[in-house]
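Participant: This is the structure I have questions about; it appears just below.
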Amino acid sequence: MSQDYYQVLGVSKTASQADIKKAYLKLAKQYHPDTTNANDAEKKFKEINAAYDVLKDEQKRAAYDRFGHDAFQSQQARGGGNNGSFHPDINDIFGDFFSDFMGSGRRKQTSSKIRGSDLKYDLTIKLEEAFHGIEKNISFSSEVKCDTCHGTGSEKGETITTCDACGGVGATRIQQGFFTLEQTCHKCQGNGQIIKNPCKKCHGMGRYHKQRNLSINIPAGVENGTRIRHTGEGEAGIRGGNNGDLYVDIAIKPHDIYKVDGANLHCKLPISFVHAALGGEIEVPVIEGGKVKLTIPAGTQNGDQLRLRSKGMSKVRSTIRGDMLTHIHVEVPKNLSKKQRELLEEFKKESINEKENDSSFFNKMKSMWS
């Protein structure tokens, strides 16, 4: 079974792209075959690259968050993915790393845009809703883009100027002996821009707090614990930054009749001892609604399991369904009428005579006492 990509890189499912890249660079340096002789280095390096290849791409990541490794099975079957023996050059991997942390000899103008935070929402649904799929309306509060300044943070018609203290870089440099240190610009607070007349509604942030309503589509066959990612539905970014994402975690309520086992459903089916002995048909409820007939074989024993094929849960992106397994519970009556007792006494006599006439049974009993 493939390991979870987030676990491979050691990051959370809400990690930012910067966190994912940082974790990848650290692990790639540790396990690159050119830098270590560890026996499992090549295998680990392949896993790290496969995980990063998916998580660095927003579309691939969204598909992985929703469907897991199944989203890429067809690609792997065609030979896709980074499963060969090719190793990216160690210098290529860390080229950006060293330019980011050591400096490239010239200063780049930084952007004041900040990505919005991701949000998490816990949604509980019924088993029937998980089977059929459903559209749910959810309500939550978050930071939204200011509709007065359109996210600029400035009053309408006012201009935003480049910070004259740092030249729009967002940081100033201090020379200390042989070393040059950078610190956040005290004038623009690292934004690189100065808003002379901030928007009164959002106080210059380009966003404000608001209660939101959103329609969430739950696919048929969703499982308990599934996380659905809605790209761009998290908190609004600051000063034009990208929105964060919304993660909806699905929990399915325990059902009164069914227990879920993957795509299969289990239920306890009580039947009379007459049905168990003689057999017959009995109607049982099914998850899609209504009832179907189940054949009870004559001589069914307590604890027997009878299967109704394709009457279990639906599966995401599939027409195949699981099965429903009924666990037989034979009920013995506690109170009998006079006629019922007489009939059972007669049945008892017949049963004893049958056993005595059964030579194999009689011989077994005789051998025990001889």
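Cβ from N, Cα, C; glycine included.
Checked Swiss-Prot, it gives:
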- Cys146, Cys149, Cys199, Cys202: Zn(2+) 1 binding site (BINDING)
- Cys163, Cys166, Cys185, Cys188: Zn(2+) 2 binding site (BINDING)
- 4-68: domain 'J' (DOMAIN)
- 133-211: zinc finger (ZN_FING)
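Describe the structural context of these features.
Facilitator: For Cys149 (Zn(2+) 1 binding site), the count of additional Cβ atoms within 10 Å of its Cβ stands at 23 [all protein chains shown].
All protein chains considered, the CB of Cys188 (Zn(2+) 2 binding site) has 23 other CB atoms within 10 Å.
Here the domain 'J' (4-68) has, by DSSP, the following mix of helix, strand and coil residues: 46 helix, 0 strand, 19 coil.
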Participant: Give me the Cα-Cα distance between Cys163 (Zn(2+) 2 binding site) and Cys199 (Zn(2+) 1 binding site), rounded to a whole Å.
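Facilitator: Cys199 (Zn(2+) 1 binding site) has its Cα 18 Å from the Cα of Cys163 (Zn(2+) 2 binding site).
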Participant: To the nearest whole angstrom, state the Cα distance for the pair Cys149 (Zn(2+) 1 binding site) and Cys185 (Zn(2+) 2 binding site).
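Facilitator: Just about 25 Å between their Cα atoms.
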Participant: List the residues in the vicinity of the Zn(2+) 1 site, defined as same-chain residues other than Cys146, Cys149, Cys199, Cys202 with C-beta within 8 angstroms of the site's C-beta centre.
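Facilitator: Leaving out the recorded residues gives Thr148, His150, Gly151, Thr152, Gly153, Ser154, Pro198, Lys200, Lys201, His203, Gly204, Met205, Gly206, Arg207, Tyr208.
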Participant: I'm checking region-level scores; what's the whole-number mean pLDDT for the domain 'J' (4-68)?
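Facilitator: Result for the domain 'J' (4-68): average pLDDT 85.
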Participant: Just to verify: the residue among Cys163, Cys166, Cys202 with the fewest other Cβ atoms within 10 Å, which of the binding-site residues is it?
Facilitator: Cys163
